[in-house]
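Annotation comment: Swiss-Prot describes 22-42, 74-94, 95-115, 134-154, 168-188, 201-221, 240-260, 267-287, 292-312, 342-362 as transmembrane segment.
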Amino acid sequence: MLIYLFEWLSHYFKGLEVFSSYISVRIIMISITSLLITLALGRPMISWLQKMQIGQIVRDDGPQSHFSKRNTPTMGGVLILSSVIISCLLWGNLTSIYLWILILVVIFFGAIGFFDDYLKLVLKHPKGLRAKHKFALQSIFSIVLAIVLFYLLSKNGQMSLSIPFSKSLYIPMGIVIFVVLAFFIINGSSNAVNLTDGLDGLAIVPVVLVAAGLGIYAYIETNSTLANYLLFNYLGNPGLAEVAVFCAAVCGSGLAFLWFNSHPAEVFMGDVGSLTLGAVLGVIAVMVRQELIFFIMGLLFVVEALSVMLQVGSYKLRNGKRIFRMAPIHHHFELKGWPETKVVIRFWIISLILFLIGFAAIKVR
């Protein structure tokens, strides 16, 4: 909404047009806004969660160091999502269909995660929302969204899969392949980030790095000058540039959330945060046609999810034998004797390296 205000004010005050005309300025402003909103609302939110006794449930078979986390305020993801939506309404171009799609993704997956957390933490339902019901809701939404995105993106012929580190190699996709790929990316990312969110600050830093990386790609691909110079397919779909603005909002809010989520965590994001942030990253990757770059930058999430699948498969197929001491894999390292902070920081380092590899693919082609 503010861009319309600044556009009107620019007729009377010279220089204010930068806030409405330059997307780079709005990227900076929305990241600052989302950061400040999260910082401002963080303490009241934590106090309210404590008052309502909405606290973390800790598994008895987990690392002993986790017992101190019991009853730590959870569902802090509401803080992140609210900040992102408010910031987008303030600084986003509200005529962009892509911005509204991302807001809808936040609301839908946020509702699923909120209901799951509410069942577990408030109503004390042991397993929360049943996995099959959660998967069904995610799947229906993802398939419908993938079909919508196919028709939106195909208007400008942007239906090719971009191959990293290649100047001209693109794989064309029809609607079936596109929908299937988008389905697995959105659902897989949502659940992978959810599995990664098991230690203080572990998930939010990789989320911020991946959001920043995808935001950079979105900015380049929707800028004809940069896209031509760097030999990218120019994505000229009206409003698609707002994806970069949205990514900046996620980065700002995520960094502010880390202020409260760093060890020892004062609040956890819960399923309402992790499921939603994962889904949003997947949708963004599909929108900007950088699914493989997303795989590279988000490989930590893939490994976390894969460790769970391997553990479950091994347990069922090998008569109860396990590959890891505990899954997801970050718990395996804890049970090997690594302090929680060392596990988290080393995973952050890995995530940063993956981000840099994905970033290098912009020029090394």
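Heads up, the Cβ atoms here are built off N, Cα and C, so glycines get one too.
Predicted, not measured: the structure shown is a model, and the values here were computed from it.
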Spatial neighbours of the transmembrane segment (342-362) far in sequence, C-beta under 8 Å, 6+ residues away: 164-165, 199-202, 205-206, 209-210, 212-213, 216-217, 220, 230, 263, 293, 296-300, 330, 333-334
Interface present between the transmembrane segment (134-154) and the transmembrane segment (201-221) (three or more C-beta pairs under 8 A): no
Winner by Cβ pairs under 8 Å against the transmembrane segment (168-188), considering only 22-42, 95-115, 240-260, 267-287: 267-287
